[in-house]
Amino acid sequence: MAVKRDYYEVLGVQRNASQDEIKKAFRRLARQYHPDVNKAPDAEAKFKEINEAYEVLSDPEKRSMYDRFGHAGPTAAPGFDPFSSADPFSSIFETFFGGTMRGSQRGPQRGADLRYTLSISFEEAVFGVEKTIEFRRLETCPACRGSGAEPGTEPVRCPKCGGLGEIRQRAPLFNMVTVTTCDMCRGEGTVIAIPCRECRGEGRVRQTRKITVRVPPGVDNSSQIRISGEGDAGPRGGPYGNLYVVIDVQPHPYFIREGNDIILELPLNVAQAALGVEVEVPTIDGTEHLRIPPGVQSGAVFRIRGKGVPFLRSSGRGDQIVVVRVVIPTNLTDHQRRLFEELARSLEKEPIGGQRDEGFFGRIKNALGL
């Protein structure tokens, strides 16, 4: 069994210290070692030791007996109970630091956040759009204003916990206190005597809400837009949570987004690729004139600047990347076959091979600067 330290040593005062000195020393140490403030493993044990020393030295009768008989003296003093039902942690903070140190700090609780998936087109994601959405949420009951009590009545103090919102129990053999949330009032400290007929005592009712959401230009798929105060109402009149609108961008028939660039695959036949061609290329803004030089290879990349997606947090736009795809015919007419055979004979003396092709995806990466 551990030997108890001298109470004067515990508080760090002389044996002839005045009551004022003892009180100041205790207050300083209580602030330092209270378990709600100090998270050190031994803080609770030190705090109990400090509390026990102060309980003896602050009482003239107990102090006198302690000075005469040591630790055996105070335990024999009338009315002294080291396992008192009072909670030393809360009583000390109530006495010296104001208010109470309760395990469940009651007050308005914020409502839950909500999520809403908003589907928009590729063009709407590029240029931005305003959409009206409709969703269900919990709102503060207009009849009882969130109290849960029938209008004209008020919640009453919980008879089980006396309004504390928690139940405290002291172990019979140890100076330890267990704190549990009151199961009658669920930690609120009050109960509804006459429930509101509108919300059945819940303080909230589920309602349909309709709002307009502004989607900024350049928003990407799976982006979230936070709308403050549009979530569920908090219980008992607590503040509303937030609404998070998750953007779902629908795929485009032929545009593909890569960051702030838009990729378009441009099919050309063999003759167009060999001889070159001028084409009208679709962009997100309309059509653009593009000249394809003779001898272009499949996978060649052309850039149309400023025709991509707007930057979300700065000015300017990305580019449109046009990727050439040479289409080889599969069903030739007799005339076309003869022409290709003649072309093949004329190309027999041309060298095969040459510079190594970097491939389709390599060209895309180079065009995007990756």
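Cβ from N, Cα, C; glycine included.
In Swiss-Prot this protein carries:
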| type | residues | note |
| --- | --- | --- |
| BINDING | C141, C144, C196, C199 | Zn(2+) 1 binding site |
| BINDING | C158, C161, C182, C185 | Zn(2+) 2 binding site |
| DOMAIN | 6-70 | domain 'J' |
| REPEAT | 141-148 | repeat 'CXXCXGXG motif' |
| REPEAT | 158-165 | repeat 'CXXCXGXG motif' |
| REPEAT | 182-189 | repeat 'CXXCXGXG motif' |
| REPEAT | 196-203 | repeat 'CXXCXGXG motif' |
| ZN_FING | 128-208 | zinc finger |
C161 (Zn(2+) 2 binding site) versus binding-site residues C141, C196, C199 - nearest by Cα: C196
Sequence-distant neighbours of C141 (Zn(2+) 1 binding site) in its chain (C-beta under 8 A, six or more apart): G148, C196, E198, C199, E202, G203, R204, V205
Under 8 Å by Cβ from C158 (Zn(2+) 2 binding site), same chain, sequence gap 6 or more: L164, G165, C182, M184, C185, E188, G189, T190, V191
C144, C182, C185, C199 as binding-site residues, winner by CB count within 10 A: C144
C-beta crowding around C161 (Zn(2+) 2 binding site), within 10 angstroms: 23
Cβ-based neighbourhood (8 Å from the centroid) of the Zn(2+) 2 site, residues C158, C161, C182, C185 excluded: P159, K160, G162, G163, L164, G165, E166, I167, D183, M184, R186, G187, E188, G189, T190, V191
Per-region confidence, the zinc finger (128-208) (mean pLDDT, whole number): 87
C185 (Zn(2+) 2 binding site) - helix vs strand vs coil (DSSP): coil
Around the Cβ of C196 (Zn(2+) 1 binding site), the count of other Cβ atoms that are within 10 Å: 22
